[in-house]
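Note sheet for the following structure.
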Amino acid sequence: MFDVADNPISALLIGVLATVLVQSSSTTTSIIVSMVGADELSVNIAIFMIMGANIGTSVTNTIVAMGHFANQDDLRRGFAAATVHDIFNMLNVLIFLPLNWIYPFLEKMTYEMAKDQKPCEGDKCKKTEFLKPYISPYSKGVANYDKKVAGYISENWCAGQCGKSYSTDAMKLISAEVCTSTTDCSNVHKNYESNWMSKGYLAKKRAPAYIVGTASGPAEFHYSKPASCSTSTKFFNDEDAWTSTVAGSLAAGSCYEVCGSKVKTGLCEKRLLKGGLLLDEWEMTDNGAGTFLTIVSLIALCSCLFCIVYMLQIIMKGAAARVLQKVVGFNGYLNIAIGCFITIMVQSSSITTSTLTPLAAVGIISLNDMFPLTLGANIGTTLTGIMSASVVTSNPVNGWQVALAHLFFNIFGTLIWYPIPKVREIPLKAARFLGHCTAHPQYGTLFPFAYICMCFFIIPGIAYGIASA
């Protein structure tokens, strides 16, 4: 999914769609940071994907608000409280996407902050997890998948991977021989995708095993030794300095060894599923297990959301409701800190906002109090990306750039839309309007469903289809 983004708009919408599908901006952000750290995605495109992830994460609490369809007043309040998250993120994108497109200030600013970061080593590369140690034994008992194979598939290493780490200068020489132009290497292989490129050249581990000179046009690119190559010449005569005396003057029909036997092939041929109930007892295929788990996950998600709404309606009555109203009604800036703290603890802004939405629906939390809590949740969720950047081993500078861009995107947005009361009213009025749309006597209860389908599925889905066509 991530590899078809070649412009800010497609990157934004792919970020939205990816986050909607996994129901977690933290997961999407971690994937994006990891891909950038592995030189599989450019910082510039990744920043726009992060913006999309911010929009996509708001779908969960919007779905939660639909649980109040039986009571029109609750639905109106709940939907307004949920969509203030959407409106804030969309307004942020309307400001920062064109600004960052015209001049990549987030990329430039975060580079200056992250340029001295070093790759993690040894035990420092172990990411701190709060919930995973307790959940992992159960999830692996159901389905344990091979992370390496999943990585090879997601990063498109199925064709092959060079085991040598070439310098940028070396990749410039290789790209000059096999690519149609300095920016277009789509001719090299049928599995080529945009993430094969890094800084205008083929990425380090995308070097071929052999190249064959042609009478005209770019040289042939091969991940295995062609049958016509009975003998071959080393492309690099000095692999310490990565210098080549044959570069720029390849003889037609002659074979030149680049990565040679160091190329790894068949990386995607192993099974993704390597253990657990679905494999050991039920003997399911990879596709079957994936489909089954997706359906079960969606059912579990909807069931949990329903239980959250039901339990909170029972618990938050009487004294508990009055205490909560006093706490969140004390100060808006304190609410930002509370929202941030809760999200850091649970590592998910979706959990925070989805828990608060039912409280807003029944009138315990006002829309004015919900807004700063949502802003805090948006800032708190950026910690996951920062944690992912801290364990990047290959290119920590780029990984940190994306993680910090996510943080400052939300901080700058908060500084724009919250401190000034008249500006603050813009997202609040928009959310109230969407809430009132649910009060239509005939179509009110259908409006939330239509809104979710249009904003989070149809528009991003069409955009993704166009981008991948």
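All positions are counted from 1 along the displayed chain.
Cβ from N, Cα, C; glycine included.
Annotation source TrEMBL lists transmembrane segment at 46-67, 79-103, 289-312, 333-351, 371-392, 399-420, 449-467.
Three or more CB pairs closer than 8 A are found between the transmembrane segment (449-467) and the transmembrane segment (46-67), so contact between the two stretches is assigned (pairs 6 or more residues apart). Across the candidate stretches 289-312, 333-351, 371-392, 399-420, the maximum count of CB pairs under 8 A to the transmembrane segment (46-67) is reached by 399-420. Between the transmembrane segment (79-103) and the listed ranges 289-312, 333-351, 371-392, 399-420, the one holding the most Cβ pairs under 8 Å is 399-420. Non-local neighbours of the transmembrane segment (289-312) in the same chain are 23, 60, 63-64, 67-68, 142-143, 272-273, 278-279, 354-355, 358-359, 361-362; each lies 6+ residues outside the stretch with a CB under 8 Å from one of its CB atoms.
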